[in-house]
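This report refers to the structure that appears directly beneath it.
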Amino acid sequence: MIIQLSSLTRCFGSLTAVDNLTLSIPEGELFGLVGSDGAGKTTTMRMLAGVLDYTSGEAKILGCNSRDLTVVQGEIGYMSQRFGLYPDLTVAENIRFYADLFDVPAAERIARTRRLLTFSGMAPFTDRHAGRLSGGMKQKLGLCCALIHTPKLLLLDEPTNGVDPVSRRDFWRILNDLRKEGVTIVVATAYLDEAERCDRVGLLHNGRLLACDTPQNLTKLVKSNQRAPSLEDVFVELMGEQELAVPQPSIPQPAEQQPGAEASSPAVSLEQISKHFGNFIAVNGISLTVPKGQIFGFLGPNGAGKSTTIRMLCGILSPTSGKGSVAGFDITAEPERIKENIGYMSQRFSLYEDLTVEENIAFYAGIYRLAPDKRSERTEWVIRMAGLTERRSSRANELSGGWRQRLALGCAILHEPSIIFLDEPTSGVDPLSRRRFWDLIRTLARGGVTVFVTTHYMDEAEYCDRLALIYRGELVAVGTPDELKKERAVDGVLPSLEDVFIGLIEEHDRT
Amino acid sequence: MFDRLKAMLIKEFIQVFRDPRMRIVLFVLPVLQTVIFGYAVNMDVRNIPTAILDRDNSSESRQLAATMTSSGYFRITNHISSDNEAQALLDRGTVRVVLNVEHGFSQRLQRGETVPLQVLLDGSDSNTAGVIMGYLARLTTDYNISIRSDYSLRHLGQTLSIGQVELASRAWFNSNLASPPFYVPAVITNILFIITMLLSSMAIVREKELGTIEQVIVTPIRKGEFILGKTLPFVLIGYIDVILISLVGMLVFDVPLRGSLWLLFFATTLFLMSSLGIGLLISTVSQTQQQAMMSAFFIIFPTMLLSGFAFPIENMPQPVQWLTLLNPLRFYLVIIRGIFLKGIGIAVLWQQLAALTLLGVSLLGIAVLRFRKTLG
């Protein structure tokens, strides 16, 4: 066994981050550790890498106690969430630095560097500064640095977080090649589709291992008679059992919407809108229209210009050129009128951490000037919608991802806006909360609210009425999910949205 | 009407007072600092450690030493016998003054000669050295008078009576020339400046860093409402600190408050416009709390050193004196010392008040104009 954990526990004060974890991983296995934010993935990975001490239990890594890994340190490659790349050093200099740290002899270093660079497709960028690489390339460079001393065991903590689908696919191709060479790999991830590619998967929730098996066996755990249950269904089901105590929120219908300036105008319309930051073109001539009452999905890899576009629509960033209107108001001339009619939720769920649930709601109720009678009615509505009845006096920083997300949504739609903008509303949230969140969104849309949402989860894109794909600031495709799939169908077989997405991006890169 | 402002204020107060560290920083530290500074920041020179190299060892030389110790300014800590010892003591800073009484001191005096008395001073602290030389000059004069009257008594059988001038000085506003009445008002100005400027700049930048500002600026809140909501709490905290520090000064250090309390508050309001204006300006140019902190420190030091709190502005080179006209602390310091010690009012202080108003309105105005309800 490469890794042998028995009753491994780690506490931070009163919080048990990892609870009684027993697990063994044999040589050559690709093991996936799956869980949402705060599930204990990073804590586990750090204990495996020997950089964090455990509270009780035992962890044996390559036969050594993880409290003292000095002997086997050279056999372990560890890539933390923010792998320590030096932005001012070039790709080659970064690799060389890590090679020197591990005392790799010069001849060997040169040979291995060449091999790793070819293998990862980074060879053309040897002289580029790490700080100027894209997210996906940074991850690949991080991996090269972690592999320079040819470790037996590779520990990867969320290596593909926030990386676009194309780079993610490349990354997994590399991992597969490494596995063939006999490297044992433990990878922590929040993406369940990635977990399906592992030999075995451990589902971690609130520090406890809910299940651990091959993906095939895990899907058999689903009791409901779905035809082809995915790992996500497994997760939702297993976690659902754990969270039975949480009351299912009943979703009240929002009240009748006030019409915008012109009842017949589309909710959002953009004409050749661009935004430049210095020399950098973040958004390049995007035009699109979103009719009222639609769920409009805005897809694209990190840095494609999604957030920039949403911010221009919300009137908090002024476009360099082009025209646009939201709720019938011009985005450059009347940003303050727009703000009265929209709800906006940024990807960081910007709540005041030191304020309680009720205080957060009261703050936004005051800012939106809700009438006193309306105020208590809407407060109750948000608290019920978010399922926070029992936690109304908890501080926001005590809430877990899903609750925070629903509270942030509640604060953003307290004033019953006719259009809501959601910027990656589900990043880092567990699958169960994600499902609940999308139920809410669909209920709102049925009530006539227009929803403009960005995401990089392809399964979520399926929930949208219409999609737009944006890449490097340009609009690559617009259409309903079915239309997009049909355009790229091969012999009548519809590809997945992810394949569509990757295909379109590759096509765009060629032109 | 004031719904949004009210919501902002409630939020800000909860945030400030919920954090126990913040409560200490805002209310306990200023009081502690006043107490510590009040005792420590003291320019009085007393009990100067002194070494004496007495090669004469006569009654005259001992009388000289006695004159010095009885004055209260000097304390003979070492009796030494060589120049090397004197050097070592001065090097180590054990003594500040070495008196060198040459052999034959008493004999030459008795012969009616003028005898040199060598004094070695530690001049590294030029200010203290200057004060010590003043004391020594006075003591030497006293000593001369006493040996002269002794001489006349012994040789002429009567005391010499010649007319002489006696100095009758009275220090106005601070009759004991004590340090606290001069420094406590300065501590008020400095603490008020640091707290309001630093915290107001951090408060907005913190929202930027956490991303909460993004959520707030997509609401219909007006710029003015946001800025007022962010600054009013610090105005209130500023008043509380002024009261706290004044009370400590009056009760612990007997600092008199001779002027009008209302004028003090009015001047404080004018001053807060400047310090909050600077804080806001910093927050418009900083993206992280660390940047805000750095910018604030670069402003704090020159502002404090060039305010006249310890170093008189009149002694500064002319160009620097012009520069201090941009320093709100300089004017506030004159006002606050005037109110505390001299009990003067608007009739005397109107120029400083006008300058503060001008600075406050322009700084706050620039900050508000620069503040945008947009990102990037």
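From the backbone N, Cα and C atoms, a Cβ is placed for every residue, glycine too.
The model shown is predicted, which means the values in this text are computed figures rather than measured ones.
Sequence annotations record features per position, and here TrEMBL assigns transmembrane segment to B:21-41, B:182-205, B:232-253, B:259-282, B:294-313, B:353-371. According to TrEMBL, the domain 'ABC transmembrane type-2' annotation covers B:149-374.
In terms of C-beta pairs under 8 Å, the stretch of B:21-41, B:182-205, B:232-253, B:259-282, B:353-371 lying closest in packing to the transmembrane segment (B:294-313) is B:182-205. With a threshold of 8 Å between CB atoms, the same-chain residues lying at least 6 positions outside the transmembrane segment (B:182-205) that come near it are 12, 25-26, 30, 33-34, 37-38, 41, 174, 213, 230-231, 234-235, 237-238, 241-242, 245-246, 248-249, 253, 255, 268, 271-272, 275-276, 278-280, 282-283, 286-289, 291-293, 295-296, 299-300, 303-304, 307, 309-310, 329, 332-333, 336-337, 340-341. Count of Cβ pairs under 8 Å against the transmembrane segment (B:21-41): among B:232-253, B:259-282, B:353-371, the largest is for B:232-253. Sequence-remote contacts of a segment are chain residues at least 6 beyond its ends whose Cβ falls under 8 Å from one of its Cβ atoms, and for the transmembrane segment (B:353-371) they are 223-224, 227, 266-267, 270-274, 276-278, 280-281, 283-284, 325-326, 328, 331-332, 335, 346.
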